[in-house]
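Asks: First the structure, which I've put down as structure tokens, then a few questions once you've had a look.
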Amino acid sequence: MSKSKDDAPHELESQFILRLPPEYASTVRRAVQSGHVNLKDRLTIELHPDGRHGIVRVDRVPLAAKLVDLPCVMESLKTIDKKTFYKTADICQMLVSTVDGDLYPPVEEPVAPADPKASKKKDKDKEKKFVWNHGITLPLKNVRKRRFRKTAKKKYIESPDVEKEVKRLLSTDAEAVSTRWEIIAEDETKETENQGLDISSPGMSGHRQGHDSLEHDELREIFNDLSSSSEDEEDVNVIDTEEDLERQLQDKLNESDEQHQENEGTNQLVMGIQKQIDNMKGKLQETQDRAKRQEDLIMKVENLALKNRFQAVLDELKQKEDREKEQLSSLQEGLESLLEK
């Protein structure tokens with residue numbers, strides 16, 4: 001469906017809530033429901049130039065009014081047949097009328113302060129006077145403080161100040177004789193620290209490393225003694241003995257290397273099992289604590305159905321505790337068998 005340029009624009013409604021004292025509210029309600037033609041003569045609203053104060057007249061009785069801001073926006077709906085509703089406007093303000101209010105409040109003359117920050121603070125305090133902390137129903141009393149989060153403050157820096165700071169930094173860099181920069185990678189430092197740490201236990205690894213070094217020293221001493229004593233023998237015997245000694249030395253070195261590799265593999269396996277044991281102990285302790293809390297809860301509950309439900313949960317925790325104990329005992333047995341080897 002095409003629109004022509006001659007179509008008149010849609011009229012937008014501007015609405016607010018009118019709150020009156022109970023006796024005047026009932027009068028206005030009856031007049032609206034009866035559909036009197038002279039409603040405009042019975043109810044008039046006059047706003048002052050400041051846009052926040054005004055006078056509401058009900059049957060020519062003046063009431064002081066103040067326009068306040070509601071905590072949130074509400075929708076206004078209209079119906080003709082009480083079956084289909086149409087949205088007409090968004091409402092965010094309410095005109096509160098009182099009998100004992102000041103009909104003509106004093107007008108504050110604007111004074112230009114020297115400090116702009118002081119003027120902003122003054123305007124903010126002035127706006128707070130017209131903020132309504134409650135909703136339109138009784139359960140929503142003080143809803144602005146109970147349900148709404150405070151607005152986050154955004155600190156803006158004016159662009160001229162930023163440009164001035166950038167120019168100052170660039171000028172100081174240009175005046176510098178020399179510059180020095182350094183890049184530190186946290187991941188690399190952590191890797192180097194981890195590589196520097198000894199993974200195996202200090203007692204076992206120190207004992208095995210000392211044992212291996214003693215074997216290497218003994219082999220070197222044997223080789224040196226035999227090589228020095230063989231100088232007095234004949235050349236043929238010297239060559240044969242040297243070859244035999246080299247073979248023996250190589251065999252022993254290979255055996256020591258294999259043993260060292262086996263020891264390292266055993267150490268890693270032991271550490272892995274020990275870690276699993278520690279984790280299993282933590283899980284077992286957590287399960288036991290949960291079971292203890294469940295037992296205390298069952299003792300306090302009097303409802304039979306609820307107690308049966310809690311008892312079922314406790315039985316599951318007990319079964320889980322038994323399974324974790326079995327896993328822990330099997331891990332400990334495996335660790336003991338490795339240490340005996």
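Using the three backbone atoms N, Cα and C, a Cβ is placed for every residue, glycine included.
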Asks: What range among 132-152, 153-173, 279-299, 321-341 does Swiss-Prot record as region 'Disordered'?
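Replies: It is 321-341 that Swiss-Prot annotates as region 'Disordered'.
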Asks: Mind tallying the region 'Disordered' (321-341) by DSSP state, helix then strand then coil?
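Replies: With helix first, then strand, then coil, the region 'Disordered' (321-341) has 20 helix, 0 strand, 1 coil.
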Asks: Give the mean pLDDT for the coiled coil (236-341) on the 0 to 100 scale.
Replies: 77
Asks: Quick one: what's DSSP say for Ser171 (phosphoserine), helix, strand or coil?
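Replies: Looking at the DSSP assignment, Ser171 (phosphoserine) belongs to a helix.
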